[in-house]
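What TrEMBL annotates here:
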- 4-240: domain 'Starch synthase catalytic' (DOMAIN)
- 17: ADP-alpha-D-glucose binding site (BINDING)
- 286-417: domain 'Glycosyl transferase family 1' (DOMAIN)
Ligand code: ADP
């Protein structure tokens, strides 16, 4: 039997993306179609999303959705159904999905994403004639109130709709002052530690975790880590209390988008059997970043420049990286202090370090295709996608042993090298010393061409497509729809 799932996300590639959530929400429909699950994605009507829709008629109208008129529009994302919440007062504004151009969060994010979640709950419960759903899949805090609206609905006779709350990053919890609670339109009973209340605030992610039928996160290791205070960031108690309902399902990658044998953005396509052509991408990357040729490894970074990603630590070891003969090409944006630190390092080491501040999808492909190794010293990493793109493109990941990085990279320790299974380099902690050692280990391995090629090829042969993860989500959907009612 075909299952119909409403996937509720605040971003989805290729329409709107600030990070990995968009890749995952964008890839789920195709991954699940192969499992007999029909996924409809629901997104807020940001300008970029509305522009992609073109002219379309409203499927449903809310005269006042948390106080503002809104309509539901229909479109397509790839071959799959898309629903868009068109609420101009909330979403049709210049800037990013969550804040203005300077990165300052919008003051009304609580209302924007409560309205989005309220609308999604209405749709999941069959507000639109002819569109019914067996389950709703809520992603991150922006959709965290969906299970709350389903549970504390004003429509007491409505059949329960099973829901899943997926945590893509526990650091972003959507906690707002208690004064907003009366504005949300939830029953009084929702203001409870078993409902939306979290340490005296309204916790959107917390509400989803409390009230969804199941909680998933994006790697098995992170699913374990968030049971601790360090990674659970205040919500570890719920993870522990609901541990029977917590699942870690690794993200996959979109192998159509990330296919080195057929990637139009590259100087030269290549594959595991045609690895020699890869060097043309390296030469092109050196030119693009103004780097002088060298014998040591060309490291790359494609990342948000934030504390989570360990970018402050990396900025502190760049002299070491250059000192051992390495070079660096970095693409990223984020904290202004870190941006400045990398720009200063580039100025200190002309021809050895090149930096692009910004967001550039095509350049991220060229970096993965031309770099020798990608540096990912994250302090925590729910899944991480850039190491998976690196593996697929022969750009060896150098990662911290945490979350999805621990689950997807096999460290080149003596045993793994002897067994011929290594795919990257791991470090045990994100400190200057550990990162410098990992960089040195990488350079030593790089200096052994046969060993290095083996590591590259192991990574390229590893399967991180959506097959297994799509099947895991489908199995969970089926389990939850069977057990309800
Ligand atoms: P997170 O979602 O925490 O930022 P992930 O590794 O899960 O980290 O996903 C990041 C995604 O965003 C990847 O697809 C990566 O290639 C992309 N990305 C990050 N920074 C940039 C950038 N400056 N330009 C282009 N793509 C970027």
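Residue 1 is the first one shown; counting continues down the chain.
The backbone N, Cα and C atoms fix where each Cβ goes, and this holds for glycine too.
Applying an 8 A CB threshold to same-chain residues 6+ apart, the list for the residue listed as 'ADP-alpha-D-glucose binding site' reads 11, 23, 26, 361. Broken down by DSSP into helix, strand and coil, the domain 'Glycosyl transferase family 1' (286-417) contains 56 helix, 31 strand, 45 coil. For the domain 'Starch synthase catalytic' (4-240), the model gives a mean pLDDT of 96.
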